[in-house]
Structure formats: structure tokens, C-alpha cells
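The following features are taken from Swiss-Prot:
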- D8, D9, S40, N92: divalent metal cation binding site (BINDING)
Amino acid sequence: MRILLTNDDGIHAEGLAVLERIARKLSDDVWVVAPETDQSGLAHSLTLSEPLRLRQIDARHFALRGTPTDCVIMGVRHVLPGAPNLVLSGVNSGANMADDVTYSGTVAGAMEGTLLGVRAIALSQEYEYAGDRRIVPWETAEAHAPELIGRLMEAGWPEGVLLNLNFPNCAPEEVKGVRVTAQGKLSHDARLDERRDGRGFPYFWLHFGRGKAPVADDSDIAAIRSGCISVTPLHLDLTAHKVRAELGAALGVEA
């Protein structure tokens, strides 16, 4: 099985090293094409206004000045000697759940693999803070992902669907199981933090607050909060089919 790895945290990210160890438990034919720099939050964006610069690190490790989407295209269309059987994207530092999947470069890497006709999985690891220090239990994803991915590959899933895996913030032995979940809903609270530089000119940092919102029992959020691994199937068809029919009826046209 040939596996292509990418991420959005960049070629030097610890989560990418974790992902490679996971992949090597599944196959010896593992390739890495990852961004030169952090591409978090760039979602499914492409680089169209400047050239893509590819740097070969060794026989199977490449860094690209581009987005996760660019990396998957480069891997499938140029770097690999043949089509991969699986694209793995991650392991992201922090969960990618609910509405956040629309911003996620990690999920986008798997999305692009799916668009190219390759089975694809995004992996993210929840974490916590101790003071100002981020504590990421990478060992949890590393311990549980290989067997879970193997089982998922054996079971298979439809074309046009990618799988979004999130691992809870706990030790490997404290994981309480696996749940197949729905994409949850977060309270969206985007904020701008305005500051001044040394010359007095304004600049801004974008950040997100988290308001309280009901959490559905079958959601990815509920699974992670309960200490379970969340497996969420996501499809590329964004059509709201029920609303399509309703709009057709309201307009008196075929839908």
C-alpha cells in the first residue's frame, strides 16, 4: 500500500513525525510532501499567484512552498512514482471538529486526496494548556491510529467521502472507545484584537471565542468530550438537498 502524507503545520511539525510513524506501521511505501511553513487555517486554498517551489529533503521527503492542497496535488501528480492508495493528513495539533473543519488545512489535505480519487483521512489530536505551555498527548493518536486506519481501510467507504479522525486529550489507555459521529456545531465568535506597532500604526490579530452552545449526543464534540475517538465521514457534495426541493417548490420550478 502506497501512502502519501501531508499536513498544515509544516514539514518540521511534530505531528507530521507522529503521522509518519503511524503510516509506517501500515506500509513501507510512505511518502511525505508537506508545506515549508505553517499553513494552518488556509482551508482548501490553492497557490495560483506565484510558482510552487519544491525542495527534496531525501528520497521520500519533500517540502513545498504551498498549501496542503498544493502538496497533495504535487505528490499525486509529480512526486510519487504511481498513484497512492491512501492520503493521510495530520496529525494536527488541536482538534478539527464542527464548523472548524471548514477552516482546516488538515481536513483540506484529505479533501484534495478525495477529489483526486484517493481514499483520504484527516487526523487531529486534542490538547490542553498548562499555563502558557501547550500539552499535546501525541502518544494517543500514535497508539490508536494504526489499528483504526487498518480497520477503516478494510471496511472501505464510498467515493467522494473523506474521514475526519479526532483523538481525545487523554493518555492512550484512558481512551473510552471509538464513535462514528456527525459534524457538530460550535458557537461562532470571531474577534479582532487591535494593537499598535512601534510607529503607532494599527494591526490586528484574529481569534475565536467559544460561547456556550448545545452539543448533540452524536456529534464529534460530544465524542471527544467523553474521551472517545471520533470518526466523522464528510462528503464533498455541499448541496442542501432538502432545501433545494423546498426552493424549487417555492419558485415553481423543477429541482
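In case you wondered, yes, glycine gets a Cβ from its N, Cα and C as well.
There are 30 other Cβ atoms within 10 Å of the Cβ belonging to N92 (divalent metal cation binding site). In the three-state DSSP scheme, N92 (divalent metal cation binding site) is classed as strand. Here S40 (divalent metal cation binding site) comes close to D8, D9, G105: these same-chain residues lie at least six apart in sequence, with C-beta atoms under 8 angstroms from its C-beta.
Take the binding-site residues D8, D9: by the count of other Cβ atoms within 10 Å of each Cβ, the lowest one is D9. For the recorded divalent metal cation site, residues D8, D9, S40, N92 set the reference point as the centre of their Cβ atoms, and the other residues of that chain within 8 Å of it by Cβ are N7, G10, A13, G15, D38, Q39, P68, G90, S93, G94, S104, G105, T106.
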